[in-house]
Ligand code: NDP
């Protein structure tokens with residue numbers, strides 16, 4: 001077994017991004033990411049702080065707009081419209097989840113696709129599925145970078161993605177298909193899941209179920225990507241894959257923490273930078 005070190009790859013990429021940021025600055029463009037946070041969700045506060053910190057660390061401009069929980073939907077939509085037209089910001093991100101009185105769909109639709117660094121706008125999802133992506137959701141984008149870095153051959157391989165969310169499972173499946181893998185998407189209603197996952201050369205698990213995938217669910221020599229982030233009663237982080245059981249079966253495996261997680265924010269920065277670089281062209 002070999003470990004896929006997401007932390008090390010993220011650090012390497014950040015150094016590369018820093019160079020690209022500096023280069024862009026010589027043309028008078030400072031790439032900027034603005035994050036909108038509504039309410040006081042503690043997990044969201046941490047995510048948002050990490051995003052701002054990493055953006056600043058690579059020399060980008062970054063700001064967090066902290067808005068009160070009771071903000072009206074129309075006010076938020078107006079604010080997004082203002083930011084759409086503000087050239088200082090190349091990426092706009094609204095931290096999810098939103099309070100119940102605000103429609104997530106309306107908010108995602110309001111962000112102009114060119115600045116939608118999360119890649120959740122239906123236009124960006126559609127472009128990805130039609131094979132002409134503009135913005136790609138960060139988590140699957142980061143996984144593709146890891147597979148590239150570790151020279152995992154995808155063409156003609158059997159990939160199984162467990163989980164079909166819009167932010168991980170679906171875009172992941174499409175990216176693997178674009179790389180010529182033969183892809184199966186599994187979910188909570190899939191019958192005989194284990195039979196399916198055992199056929200995978202590349203297995204990506206994004207279900208949010210603590211250590212769900214065990215020894216008997218993985219083929220010898222498979223590449224296993226664990227997206228899950230589950231906290232146990234002691235606050236310890238675990239993946240969707242039982243690392244201890246699977247590590248000696250897999251040829252390559254991502255740990256949790258230190259695997260997929262660190263790459264996600266880095267890819268968000270990469271997308272923002274790319275959006276800013278497009279201004280140059
Ligand atoms: P969602 O809850 O949106 O989706 C979970 C998916 O898993 C659904 O498609 C669901 O099926 C499927 N599923 C749930 N239980 C089972 C099961 N027992 N067997 C098969 N499929 C199952 O989650 P996300 O995609 O947003 O996130 C998944 C995990 O990844 C979470 O732990 C999350 O914290 C983590 N995550 C980590 C990130 C990172 O940067 N490391 C980023 C994003 C997420 P159905 O559709 O039928 O309900």
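Using N, Cα and C of the backbone, Cβ positions are placed for all residues, glycine too.
Taken from TrEMBL, the feature NADP(+) binding site applies to 163, 164, 165. The domain 'Tetrahydrofolate dehydrogenase/cyclohydrolase catalytic' annotation in TrEMBL covers 4-118. Taken from TrEMBL, the feature domain 'Tetrahydrofolate dehydrogenase/cyclohydrolase NAD(P)-binding' covers 137-279.
Here the features listed in TrEMBL are painted onto the structure.
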residue : record               : Cβ contacts under 8 Å, 6 or more apart
163     : NADP(+) binding site : 169, 186, 187, 204, 205, 206, 207, 208, 227
164     : NADP(+) binding site : 170, 173, 185, 186, 187
165     : NADP(+) binding site : 206
Taking the centroid of the Cβ atoms of 163, 164, 165 as the NADP(+) site, which other residues of that chain lie with their Cβ within 8 Å of it, listed in sequence order? 161, 162, 166, 168, 169, 170, 185, 187, 206, 207
Mean pLDDT across the domain 'Tetrahydrofolate dehydrogenase/cyclohydrolase NAD(P)-binding' (137-279), rounded to an integer, is what? 98
